[in-house]
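Participant: This structure is in structure tokens; I'll ask about it shortly.
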Amino acid sequence: MINPTLDEIAAHCKQAINMALNKDGETSYTLSFDVRATEKDLKFIFYSPSALLLNQELYNRLTSIISTNAYPYFTVFPQPSPLLVPWETDNIHKARAWAFPWKRGISKRLVINDVDSFLDLNAKDGNIWLMKNYCVNINSLTSVAIMGLSGSGKTILTKWLNSNAARMGKIITIDPKGSKDLVWWARDNNQEIIYPSQDVSKSDFLSKVNDKLSQVLQLVYQRQSEYLQSHANVNKKFLPVVVTIDELSALTTGANKRIVDSFFSLLQTITLLARESNVHLVLISQELDAKTIPTSVRSQCNLRILMGLVNSKSCQYLFPDYDVSSIVVPSGVATGIIQKINSNDVPAITPFLAPTVKGW
């Protein structure tokens, strides 16, 4: 595949913008704007004042144009609002630009032939690899939210996350569906699994889950107490504890409201307090609306994955501030979009392809 230069990419995007945006004669040919490309972003340098209405709608439209025409050489990251940056020039009319952050290349799926060998080599220093050149660190996680319709690949992705985290700490899996993938994985790896038996009601099972979450919360308080005892303990590292809850809606639907409220309260407390204690939640559901998960819990999740269909409706819970129509979502199974939010990375929404593990 050819590898065009930054100037060639900028010229191609400028031509596409001229053809798609031609409004009232406002084009680069009339010096209404210019386009420049760097490794970090593409800049749309506009002449001001301008007949162009410089608003969110125009920014989103430009994002879509640039994203399509930069593919597959660059992946453009949509922004919640126009990213205005200064442009160094002596011309007051061109002293500002819109920036469209991107990265070189496109997302590529991990294909793992031998899971144990891969984890032996790569599950180190807290890193969990999700795609080629894309990983998250368990020490920077608060909680994880995974959403997608049935059959989109959520359970296998959860199994992959658990397999990585189990090399670093303890996994507690709560599976109201009794999925063979998660149940047998937990048994084979000597990890705790909680799933309903035939003679247990919804409310009884949720009460059992609440008992376990109460124990996890007590662990959070215990670890907090340890690192607050002295300055020597402030940077103490605890082994990760990951509580994975598959299909939240199946867990709460039909259960007693008082028990559901207690469950939500425990989730809220754990997500708010547990990060420094290295206790994390992985929350999976087909829907992550307010009936399934408290809004405060959802907002605390700093790794968000949407699998399957990606549109404005499916993104309203995990990515409410973003126009995702410009994202080039890969074709195939177990794909979607992903975002990690921490102090080290740009909180970019990226096309996602879940790892393929041979034999799973």
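Just so you know, glycine gets a Cβ as well, placed from its N, Cα and C.
Taken from TrEMBL, the feature ATP binding site applies to GLY148, LEU149, SER150, GLY151, SER152, GLY153, LYS154, THR155. The domain 'FtsK' annotation in TrEMBL covers 131-316.
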Participant: An 8 Å radius from the center of the GLY148, LEU149, SER150, GLY151, SER152, GLY153, LYS154, THR155 Cβ atoms defines the neighbourhood of the ATP site; name the other residues of that chain inside it, in order.
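Facilitator: Neighbours found: GLN286, MET307, GLY308.
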Participant: Measure the Cβ-based neighbour count of LEU149 (ATP binding site), defined as the other Cβ atoms within 10 Å of its Cβ.
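Facilitator: There are 12 such Cβ atoms around LEU149 (ATP binding site).
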Participant: Let me know how many other Cβ atoms fall within 10 Å of the Cβ of GLY153 (ATP binding site).
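Facilitator: Around the Cβ of GLY153 (ATP binding site), 21 other Cβ atoms lie within 10 Å.
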Participant: Which residues of the same chain, at least 6 positions away in sequence, have a Cβ lying under 8 Å from the Cβ of THR155 (ATP binding site)?
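Facilitator: Listed in sequence order, they are SER179, ASP181, LEU182, ASP246, ILE284.
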Participant: Counting every protein chain present, what is the number of Cβ atoms, excluding its own, within 10 Å of the Cβ of GLY148 (ATP binding site)?
Facilitator: 25
Participant: On a count of neighbouring CB atoms within 10 A, which of the binding-site residues SER150, GLY151, SER152, LYS154 is highest?
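Facilitator: Buried the deepest by this measure is LYS154.
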Participant: State the three-class DSSP label for GLY148 (ATP binding site), counting H, G and I as helix, E and B as strand, and everything else as coil.
Facilitator: strand
